[in-house]
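Engineer: Quick one: structure below, then a few questions.
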Amino acid sequence: MAPSIRLSPAARSLFDEPLAIAVQGLGPRQQVTLRTSLRDETGELFQASARYQAGDDGELDLARCPALPGGSFSGLEPMGLLWALQPQKPFWRLVKRDVQSPFLLQLEVLEGHGERPGRLLAQAQHERAFLRDGVRRVPVRDGRIRATLFLPPGEDTFPGIIDIHGLGGGLFEPRASLLANHGFATLALAYYQFEDLPQEPKELNLEYFEEAVNYMLQHPQVKGPGVGLLGFSKGAEVSLAMAAFLKNIMAVASLNAPVVATCIPFSYEDKIIPTATLYEHKAKATNSKFLDYSDVIEDPFQAPDNQSLIPLEKAEAQFLFMVGQDDRVVKSEYYATEVCKLLQAQGKENFQILSYPGTGHCIDPPFFPLYHIGSHPVFHKRAVLGGELRAYSKAQVHAWSQIQAFFKKYL
């Protein structure tokens, strides 16, 4: 019988779901190379490969067979061929703009373990989708709000989450769309450089974000009495500021947040939170010649009465701080630890820190490729963002399950 690839689910799975991969019909103990390829929406190619040896029965199940040294990874890693995907164009990040179409994953089985791939023995295609059947994508243009709401299937009410992305502007939908598959009404919120929103805001007006909270609470399918916030980087900083100043925020999951205002000050009613000073000269060159910017933000805990520190002691919400120990953009583990000490000193216990070794600034949903060297969001120079492939792949899966458990508990 000719070799063939067996996938489960067979034709289509959600991007954050595991995919079982097996090959049947090989010769006893036959050596093969498995290769995965995926093209992003701009046509850039991402690839991973691993070397395997079939069992005595000619079967190869990635859940039971370890990858041998010499490929993108080794050891027992059933999802390695997905999390080890890396761009062929250096420093390129896998981004999904249109969540209504899936990524197409190509799998190939090639003969032998050579530097050059051998004869093609089998191939398969598989769709990695962002929306479960029945999830609705609703563009929102309500008052000033520019956003997209994702609603799970059915007519029930669902816990409501606002998802806020980092610096770079625009409307970012992948994380919100994936969360909706798990039963959350999720609003992906843009706040600058999108449609008629400001291109270069002089300040971030928290009233805008308050409108988004009110929009969610007035929606017939959002279960009150409050909402959750999920923020990454600058978006996590925005989420913390919202929790400090706005009502009806029950839970905030923060991914690698500065706990001070950075780059753009916040305003609310008559209050302003000024930005912390950035000292670009404190950037360090690494031995790879890229810059490490983790020390450039002025330390808010060393300056008494620092005005740029977000006053989290005012917040009623529960906080989940998720931090990468190898974050080279923000000293996120230090910030989370110090801010939680301040909360503790005020007798508060509304916080939890999850700290991930070998994980850098980007903590994406599961199976997004590691993006560890890229453009710095402020200085626009090539920078180390941090992270190591295998540790990061484990952190993604764990953090994603913890985010869902946290929101289920508090919403």
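Each residue's number is its place along the chain shown, starting with 1.
Placement of Cβ uses the backbone N, Cα and C atoms for every residue, glycine included.
Grabbed the feature section from TrEMBL, which reads as follows:
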- 205-411: domain 'BAAT/Acyl-CoA thioester hydrolase C-terminal' (DOMAIN)
- SER233: active site, charge relay system (ACT_SITE)
- ASP327: active site, charge relay system (ACT_SITE)
- HIS361: active site, charge relay system (ACT_SITE)
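Describe the structural context of these features.
Structural biologist: Residue environment of SER233 (active site, charge relay system) contains 26 other Cβ atoms, counted within 10 Å of its Cβ in all protein chains.
Proximity of ASP327 (active site, charge relay system) to non-local residues of its own chain (separation of 6 or more, Cβ distance below 8 Å) is seen for ASN256, SER294, GLU333, THR359, GLY360, HIS361, LEU385, GLY386, given in sequence order.
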Engineer: What average pLDDT does the predicted model assign to the domain 'BAAT/Acyl-CoA thioester hydrolase C-terminal' (205-411)?
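Structural biologist: Mean pLDDT across the domain 'BAAT/Acyl-CoA thioester hydrolase C-terminal' (205-411) comes out at 95.
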